[in-house]
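Q: Pasting a structure below so you can have a look.
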Amino acid sequence: MTDKQETTQPAEKLQQPEKVAENVDPSLELNKTKVNFTPEKTDVNTYKFYPDDPESTLNRYRFAVKGASEYYDPCQESSKMSFKCLELNNYDRDLCHDYFDAYRECKKQWLKARREKREFWE
């Protein structure tokens, strides 16, 4: 044996750092019990089918400061939900159709906002 013996650390000391959400909007509600997609008004146009807010100030800022070749998705949480649905349902796309629709609606809202108010997104 050598003078320097390797010491192994107990498993308690080798804890992984907490996983930090990489791109989460602080206004995004992640607690499932507090999420309410039904509107307070009876107007159908106030329905929201996805958790993201693609027109938020934070999303505008992140889009403006990203590099020219970087991809930014303001509907990231909806995207994650659709992939999670696929994983849980053995990649059966028919069972996750609603999640795909929610992601699509979020992207439509974002693109429409960018077209209508270009000066806010540059």
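Easy rule for this one: first residue shown is 1, then count along the chain.
Placed from the backbone N, Cα and C atoms, the Cβ positions cover glycine too.
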Q: Choose one of C96, C106: the cysteine that Swiss-Prot connects to C85 by a disulfide bond.
A: C96
Q: Among the disulfide-bonded residues listed here, C75, C85, C106, whose Cβ has the fewest other Cβ atoms inside 10 Å?
A: C85
